[in-house]
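Enquirer: After the structure tokens below, expect a handful of questions from me.
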Amino acid sequence: MSISKTFNGVTSFIAYTLATYVMIAPAFTVKQFELPAWLGFLIVSIPFGGRVIGSLLYQRIVAILGSRLTFLSSMIALGILSIGSSTLSVPVLILLRLLVGVAFGIATSLAVEQAVRSGNRLIIALTMSGWAFGWIGGAFSYLALGEWQLIALSGAITLPFSMLYKRVSIFSVEVGRLGIPSISSILIFFFSFEPAFALQLAPAIVENQGGIIWLIIGYIAAIPMYIFVPVISSLLGETRTALLYTMTSAISGVTFFLTGSPYVLVVFTAFGLGINSIAPRLAASYGASARNMGIALNTAALGGVAVPVISSFDIKFLASLFTALSMVILLVMSVKRPNALLVRRLSVA
């Protein structure tokens, strides 16, 4: 791998990780707001709506500013918005959280496009692992800082990293070439992300057994699972790799929701998140391009609100059903397109 591509991979990883950190970190302290449950949930979940807006704006922004200035502006915006989120005003906080989601959508769309353009399986896997790294960072910041205002201020970490914008690969596009991904590609990301959506229910399930510690262990275990996908694919083939990840996620997910075992949670987290590194290549075979893949990814993320809310009515049954069906459908879609997971340089549709 060339030095240039290595730096491109690092900036993709950094963009995804830091955007995730800023969006996720306050979720650990929602109880400190002392607000009605629905309002606390709104503060946590409203960025998911902003993600869709950001991914749609991204195409026009990158067409005007280019990739490097888009990286710079999104990192600066995330830092400023995170600092502002230390406010005591609930209405202002809700607005800022929505804007955090918008910035997240822009930053992650750039990260994914750059990773996919590289045509390198390891860079794609590393970029997608940014979700796990960002989540782990949020968990440790909660354990270290405790107070939600301090955690919000820690989001300023994005500001110095914005100076890496010169390491971002240069690409842009004419406005007339902007496109929308297919419904199938959005569904690919939805089914791939379902374990991550369902894992929002996990803290309450294992609360009396160490809660957040088990989740941290699971997220740490997920990191090599992201990276192993290219290696396992070269040994077993792409379809068998999809079979391994989807079926392990389905079985461990259903078992966890039925039994509440923290040990099974670690397995479910590792494989359920690791499967995300398959999604970009599979989505490409269903019509997503490097340019509009961010829209597919962030639109699918609306499931981050729907899945846990619906599942909360009967976690054992509904969460198990969501996870099992999602993994089976994802497997069918990967088998239907046997060449879907082959890494290739994608053209912009």
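Placed from the backbone N, Cα and C atoms, the Cβ positions cover glycine too.
Caution: TrEMBL annotation is automatic and unverified by curators.
According to TrEMBL, the transmembrane segment annotation covers 7-29, 35-54, 61-84, 90-110, 122-142, 148-165, 186-206, 212-235, 264-283, 295-311, 317-335.
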Enquirer: At an 8 Å Cβ cut-off, counting only pairs 6 or more apart in sequence, do the transmembrane segment (35-54) and the transmembrane segment (148-165) clear the bar of 3 or more pairs?
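Expert: No, the transmembrane segment (35-54) and the transmembrane segment (148-165) are not in contact.
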Enquirer: Under 8 angstroms for C-beta pairs, at least 3 of them, ignoring pairs fewer than 6 apart in sequence. Is the transmembrane segment (148-165) in contact with the transmembrane segment (317-335) by that rule?
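Expert: Output no: the transmembrane segment (148-165) is apart from the transmembrane segment (317-335).
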Enquirer: Out of 90-110, 122-142, 186-206, 295-311, 317-335, what stretch is closest in contact terms to the transmembrane segment (264-283), meaning most Cβ pairs under 8 angstroms?
Expert: 186-206
Enquirer: Can you tell me which recorded stretch out of 7-29, 61-84, 90-110, 212-235, 317-335 has the most Cβ pairs within less than 8 Å of the transmembrane segment (186-206)?
Expert: 317-335
Enquirer: Out of 7-29, 212-235, 295-311, 317-335, which stretch has the largest tally of CB pairs under 8 angstroms to the transmembrane segment (122-142)?
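Expert: If we count Cβ pairs closer than 8 Å to the transmembrane segment (122-142), 7-29 scores highest.
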Enquirer: By a Cβ-Cβ criterion of under 8 Å, what residues six or more beyond either terminus of the transmembrane segment (7-29) are in contact with it?
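Expert: Residues packing against the transmembrane segment (7-29) from afar: 1, 43-44, 47, 71, 74-75, 78-79, 81-82, 85, 97, 100-101, 103-104, 107-108, 110-112, 114-115, 118, 120, 122-123, 126-131, 133-135, 137-139, 141-142, 146-148, 151-152, 154-155, 157-158, 161, 164-165, 167-169, 212.
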